[in-house]
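The structure appears right after this line, and notes come after that.
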Amino acid sequence: MIILDNRFVTPLSIEEDIDIEYNLRPTQLEEYIGQSKVREKLRIFIKAAKNRGESLDHVLLYGPPGLGKTTLANIIAKEMKGNLKITSGPAIERAGDLAAILTTLNEHDVLFIDEIHRLNRAVEEILYPAMEDYALDIVIGKGAAAKSIRLDLPHFTLIGATTRVGLLTAPLRDRFGVLCPMEFYNEEELKDIIVRSSKILNVKTEEEAAYELARRSRGTPRIANRILKRVRDYSEVMGDGIIDLNMTNKALNLLEIDKEGFDSIDTKILKAILDNFNGGPVGLETLAYFIGEELDTIEDVYEPYLLQKGFIMRTPRGRVATEKTYKHFKREIKKENINQYKFKI
């Protein structure tokens, strides 16, 4: 059984990302690279809210991890001149935990709830009047003697972030006025991020090298910055500190990140579908068990990039390796699979 521990190119935040992201994170919307549709929405709605002297309507950011949801929350708070309070769905275990947070908010503050799809129902119901009416309903007493008291809350902005928007309940989703789908970044955008980060880190990165780093960053800024830091280390020890194409290729080979941005785990996943399941279809639960990982982790962390790059496809019967996968591993493509799934790469 394959164990997926300490994966270098995971889009999830790891300990070393904390300092990197804090130093490299843009603080204004105009500095934010990529996500042009989201930026334009937020620019307009923030300006309109400020012109009226109101809080920004509640915002839902959704998409794969590592694409800049927390960064946008920080920017929104700064633009609205409010404080940012950060928490997560799993951290709010009881309704009282959320009530305690809500009562500390001030006018125009921003409450950022990561993994909002993991809120339990009792906690979620506290949010409904808070989002709609800026009010907190508290029940005092028990049984027949119980009574409800409504407390007014300041006008705040709730920003919810999720990788699984389909798991949000309709009542919660419908209370967000600004919906922002986050997409993987293209190579040009990632190259610009790498160039910007290189300047902040005071390291010279040649354009060719920046493009190569972008190509192998899985469409994810968090991974791009993490890889940049490791290639910087390699170039300082094995070269003159300048990140050129040669140094980049050597460092990425050492890190076992191939031309598609795949690491050894991606390769094992794809080869498992090809070799152990005859190219598919294979159910996600079966695949997760085979590679020794949780179902949600496969679906949230690993699969989105493989789907986006066209190396696997979803079918009603399970996941299937595409024609592109066969070509990548120089395997003979089975005619029955081509005819059955009508690959379009």
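Positions of Cβ are set from backbone N, Cα and C atoms, glycine also.
Feature annotation from Swiss-Prot assigns region 'Large ATPase domain (RuvB-L)' to 4-185; the stated evidence is sequence analysis.
Within the same chain, the residues at least 6 positions away from Tyr134 (ATP binding site) whose Cβ sits under 8 Å from its Cβ are Asp152, Leu153, Pro154, His155, Phe156, listed in sequence order. According to Swiss-Prot, the feature ATP binding site maps to Leu24, Arg25, Gly66, Lys69, Thr70, Thr71, Glu132, Asp133, Tyr134, Arg175, Tyr185, Arg222.
The Cβ of Thr70 (ATP binding site) has 20 neighbouring Cβ atoms from other residues within 10 Å, across all protein chains displayed. Taken from Swiss-Prot, the feature Mg(2+) binding site covers Thr70, and the record attributes it to sequence analysis.
Residue counts for the region 'Small ATPAse domain (RuvB-S)' (186-256) under DSSP (helix as H, G, I; strand as E, B; rest coil) come to 51 helix, 2 strand, 18 coil. Annotated region 'Small ATPAse domain (RuvB-S)' per Swiss-Prot: 186-256, in sequence order.
Here Swiss-Prot flags 259-345 as region 'Head domain (RuvB-H)', drawing on sequence analysis.
Around Arg319 (DNA binding site), the same-chain residues six or more apart in sequence whose CB sits under 8 Å from its CB are Ile273, Gly280, Pro281, Val282, Gly283, Leu284, Leu287, Glu303, Ile312, Met313, listed in sequence order. The DNA binding site annotation in Swiss-Prot covers Arg314, Arg319 and is backed by sequence analysis.
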I want to verify one value. Collapsing DSSP to three states, which class is Tyr134 (ATP binding site)? coil
Would you report the average pLDDT that the model assigns to the region 'Small ATPAse domain (RuvB-S)' (186-256)? 95
All-chain count of other Cβ atoms within 10 Å of Leu24 (ATP binding site): 21
Determine the C-alpha span of the ATP site listed in the record, that is the greatest distance between any two of Leu24, Arg25, Gly66, Lys69, Thr70, Thr71, Glu132, Asp133, Tyr134, Arg175, Tyr185, Arg222, in Å to the nearest whole number. 37
Residues that sit under 8 angstroms from Tyr185 (ATP binding site) by C-beta distance, when 6+ apart in the chain: Gly34, Gln35, Leu67, Ile193, Ser217, Gly219, Thr220, Pro221
